[in-house]
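Structure, as structure tokens:
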Amino acid sequence: MKHGFLLLAMAFSLLSCTYSQSTKKTAMDTNDKKNPVYSNSDSGKVNLTDAEWKKILPENVYYIARQKGTESPWSSKYEDSKEVGTYYCAACGNALFKSDTKFESGCGWPSFYQPISKGSIIYQPDHSHGMDRTEVQCGRCKAHLGHVFDDGPPPTGLRYCINGVILDFKKAQEAEEKYKKDTKQ
Ligand SMILES: [Zn+2]
């Protein structure tokens, strides 16, 4: 009798283990898939086909980056984050924005007034949805990031309205350590 219970308990724990593994797989985490182009230090341009991106990006990142999707407003944990560090492209690791150029725009998406460098971002005219807007893309992999508007604060007067899903944040200290490690190799 005691033995039977033990077996049952074991079967249950095995079941719950497979269950938690399968939910983990569908969880949208950048670490779930292998991304061979991701690098915080390589500035070489990335040119992959749509099918290749689909293979290496988590579903939600693929939707924003390659299908020019838009996340729901107020859905990003970065929207009101005031942590000090650097925001990278979640698709390729390219540095995009520094936290000291982030501001509270009230628009529901993480907002910045200036990219980290001129080449970090590409600008494309966007006439979709009956609007005249300027789309911003990652300068390294051309992932769709969001749009830039001219109603931002000084000194630039610009508002880079960016989908949080496509941002990968690293705290200042972590980023510095990683940079040191990467350049040593
Ligand atoms: Zn990128």
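Count begins at 1; order follows the chain as displayed.
In case you wondered, yes, glycine gets a Cβ from its N, Cα and C as well.
Here is what TrEMBL says about this protein:
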| type | residues | note |
| --- | --- | --- |
| SIGNAL | 1-22 | signal peptide |
| DOMAIN | 50-172 | domain 'MsrB' |
| BINDING | Cys89, Cys92, Cys138, Cys141 | Zn(2+) binding site |
| ACT_SITE | Cys161 | active site, nucleophile |
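Projection of TrEMBL feature records onto the structure.
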| residue | record | DSSP class |
| --- | --- | --- |
| Cys89 | Zn(2+) binding site | strand |
| Cys138 | Zn(2+) binding site | strand |
| Cys161 | active site, nucleophile | strand |
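Fewest Cβ neighbours within 10 Å among the binding-site residues Cys89, Cys92, Cys138: that distinction goes to Cys138.
Broken down by DSSP into helix, strand and coil, the domain 'MsrB' (50-172) contains 27 helix, 40 strand, 56 coil. Taking the Cβ of Cys161 (active site, nucleophile) as centre and 10 Å as the limit, one finds 23 other Cβ atoms among all the protein chains shown. Under 6 Å, Cβ to nearest atom of ligand 1: this is the test, and of the recorded positions Cys89, Cys92, Cys138, Cys141, Cys161 it is passed by Cys89, Cys92, Cys138, Cys141.
Averaged over the domain 'MsrB' (50-172), the predicted model has a pLDDT of 97. Around Cys141 (Zn(2+) binding site), the same-chain residues six or more apart in sequence whose CB sits under 8 Å from its CB are Val37, Lys45, Val46, Leu48, Ala65, Cys89, Ala91, Cys92, Asn94, listed in sequence order. Summary of the Zn(2+) site environment: with the site residues Cys89, Cys92, Cys138, Cys141 set aside, the chain residues having Cβ atoms within 8 Å of the Cβ mean position are Val46, Ala65, Ala90, Ala91, Gly93, Asn94, Gly139, Arg140, Lys142, Ala143.
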